[in-house]
Amino acid sequence: MGLNETPPHVPSTYTPIGIALLGIGGILYTITYYLMTRQAQRDRTYAMPLLPLAFNFAWEATFLFYVSEEVHEKVIFTLWILIDIGLVHDVIRYGANEWTHAPVIAKNLGKILAVMVAWWGWALFAVCRWWITNDVGRKVGIVYQGVEGPDVVELGFWTALVAQVVLSFASLAQILVRRNTGGTSYTIWTCRVLGSLSGLNANYLWLWWAWPEAHEYLKNPFAICLLVSWVVADMIYLFVLMDAKRTEVVLKDGRKVAGSQHSEDDEDLKRAIALSLADAGPAHPHSPADVEDLTTKDKDGEDDELQRALALSLQESGQDTGPVTLPSSHPKAVISSLPKASGLAGMDRKAMEQERLARLGKRKRDASPDLPLKIVAKEESQPTPSQSVKKVVPSGPISGCRYPRGVIKRTWAHKHPRTDDIKIEEVFEGPNMKIAVLGAFQADDRWIFSKLNPFKTKQIWFMDAKGEDLRQKLLEEVSATGNPGLRLHFPPMEGQASSMHSKLMLLDYEDHLRIVVPTANMTKTDWGETNTDAKGISWQPAVMENSAFLIDLPCRPGREPADRAETSFGKELVHFLRAQEAPRNVIDGVLKFDFSATEHLAFVHSIPGSHRDCDPHHTGLPGLESAIRELKLNNVDKLELDYTTSSLGSLTQWFLQRVYLAASGLRPSEKAPPNFLSHIRVYFPTAETVRNSTGGADCGGIITLLRALYNSSTFVKKCLRDCKSTRPGVLSHNKMLLARGLRKDGSSFAWAYVGSANLTESAWGSQKLLKNGKEGVLSIKNWECGVVVPVPEEKLKRLRLGEGEVPDMNVFEGTVEVPFEYPGEEYRGREAWFYRD
């Protein structure tokens, strides 16, 4: 920029060395921009912060079209602008992933960036025009546009230095906020820093050393401050980058999230291990054939055409189209009779996750090795293949409703004595199920299809997928299977939504609707099953257990849909489905059933987003509070809470106080008893319990607590109890809140919450109490749902309690089988199970 008529004392190497240093910087920055663009696309984010990106784009354009004279300068600026277009594209395509906490910004990132570029362009053009017009920095020997004039080299110095400071500090701020290496790498940092050192610091220091009187501005204290500041910022950046690299988690869609961030129940962290928990095989079956909504009656003609279509598909694949039986413990029997598929129904999840999980050092929960890990089975007790491979024998046509008033069941556990538990086959009982709406955080398609006959049952899966690219990929994978029998639905995940963690089944039979709200995902291990060896023998006992609420609702007369559900339970269920943007025909189908038998129950949900008190449908902890009042379980004098959870976040006194108040039917602004913490017990396993379980530490990956949160000074440890299942060696994946107490009138009460919500603010919502005493905005990250089931009044009236005595845990007999040992052992110096140890 500009020509120089150097005086005799200036060395002849002045210009060549300056051009060389500037050229090295230009080459390194070209490499930096290219690597940024490529890395950002891999990580599904953007690399350069918005402010310096807009500044750089405007600076390059201003100097290209207005300031620079030399051809090599124009070439470099043009190349940088072209590469900048790639960086801008990354912002527009992936930027929303980084602004989920600010949906307005996320939706308008392109416009915001355009405004920033325009403003920076205006500001830089004004500065440059003023500089050139007023011959600022005129020096003897400095030539611009053929005459002695303004020193545009100095102009380039000041503007480039400001741009560099903005870039360095904005990049440092970005990685401090993100706490992950999305869009960056050690190579990018090295190229960027060396490029700046060469093209800026070294270049101008050389110019000053060789010709000091023309570059006095380099001794300006402000210039020295800026030259040192950006270097310090980038040195700090390196250490933050190293820490982020060590702790980050890579998600299944390629995005990176902070592994040690202060997130109460970061389901992104769980997503990173979710697919590794299933024992994926080399191929998966086709999806079921046709999907109908809950409003459509099955017609024989349609079923015949469906069977013919599937038969033709099987024939084209060279498969036998004979009868298909569904084995309960050996899914390969049905898999082998269906065509092999790719994508969702055929992808090898294990292979996809193996490399990343190995790098991160994650635990992989192998649900059942071919031979037992810790139990040596006696030869005479080993089941024969014929004993272990059982066909799913339908229980016969279901006449009426098996669970007309609702029931909580413990999930079955392989090799453990049966109690009042339930198998997944018993949940899916009967041959006349027409449609299944299944929602879960994890779903094993092979396992599901081994339980639901793909020739008979149409399925709609509510899936966890944040980001349009991931959703489109899943839809394409389903489409590629060539089977129209599976429909995917993605609940909204905009804004601060982190996870579709809710678990809900709507099973449509000919004469009733079965609603199931489990704590379990749709995987074999969560339902108490284990893998089989080559002989079809399942050696290892169950490693995981859960619970499930079930209720059967009869059809309304003529299956005519009601305008709305009759009870609070039904209204909140429908509201939850609408919030999840469920297909209209699913909601209309639900309204074809009679909810009058749910009057004694409450459906409690958590809907991601920011919520204010004016919402008539309360969600999160306010939803639990509203349910307690609706069921007349409030007016509490004494309350004991026992909460078993498979994930813990920031267990602060304020959060536990909000839980206690909500369980009392009180608002957060109300006062809790001074000693309320002594009336709360939180059941979470110690490291010792996990290591001594049937599957050992390898099976503890789904039980999550970060050491950083546990070691926080605000974490309430006094409430923790070791969670030990009443089934020896089984780990608990339950989310269950058991409440019992006395009302102010002296009467006793007890109720149980069973659902998907762990004891975390991500699940139940965070909310501050403002200085004026009012409640702030409720912020929820996860989709969750559960059911509150009271202990019947007739049972409570039969209790023999002393004055002021609270019912003991035996009060739940007949309502829910308490799955853990109580009151539970205090930790007493033992450590909790930490997710990453």
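The backbone N, Cα and C atoms fix where each Cβ goes, glycine too.
The transmembrane segment annotation in TrEMBL covers 14-35 (among others).
Outside the transmembrane segment (112-132), and at least 6 residues removed from its termini, the chain residues within Cβ reach (under 8 Å) are 50-51, 53-55, 57-59, 61-63, 66-67, 88, 91-92, 105, 144, 149-150, 152, 155, 159. The annotation transmembrane segment is assigned in TrEMBL to 112-132 (among others).
Distant neighbours of the transmembrane segment (155-177): 1, 48-49, 51-52, 55-56, 59, 63, 67, 124, 127-128, 131-132, 136-137, 184, 196, 199-200, 204, 217-218, 223, 226-227, 229-231, 233-234, 236-237, 240-241, 244; these residues of the same chain sit at least 6 beyond its ends, with a Cβ under 8 Å from one of its Cβ atoms. If you look up TrEMBL, you'll see 155-177 (among others) marked as transmembrane segment.
TrEMBL lists 189-209 (among others) with the feature transmembrane segment.
Sequence-remote contacts of a segment are chain residues at least 6 beyond its ends whose Cβ falls under 8 Å from one of its Cβ atoms, and for the transmembrane segment (221-242) they are 157-158, 161-162, 164-165, 167-169, 171-172, 175-176, 181, 184, 186, 189, 192-193, 196-197, 200-201. For 221-242 (among others), the entry in TrEMBL reads transmembrane segment.
Under the heading region 'Disordered', TrEMBL lists 280-303.
In the three-state DSSP classification, His501 (active site, nucleophile) falls within coil. For His501, the entry in TrEMBL reads active site, nucleophile.
The substrate binding site annotation in TrEMBL covers Lys503, Lys735. Of all Cβ atoms in the protein chains displayed, 28 besides its own lie within 10 Å of the Cβ of Lys735 (substrate binding site).
The Cβ of His733 (active site, proton donor/acceptor) lies under 8 Å from the Cβ of Thr519, Ala520, Asp526, Met544, Glu545, Asn546, Ser646, Ile702, Ile703, each of these being in the same chain and 6 or more residues away along the sequence. Summarising the annotation, TrEMBL assigns active site, proton donor/acceptor to His733.
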Around the Cβ of His501 (active site, nucleophile), the count of other Cβ atoms that are within 10 Å: 29
Between Lys735 (substrate binding site) and His501 (active site, nucleophile): CA-CA distance (Å): 12
Other CB atoms within 10 A, centred on Lys503 (substrate binding site): 28
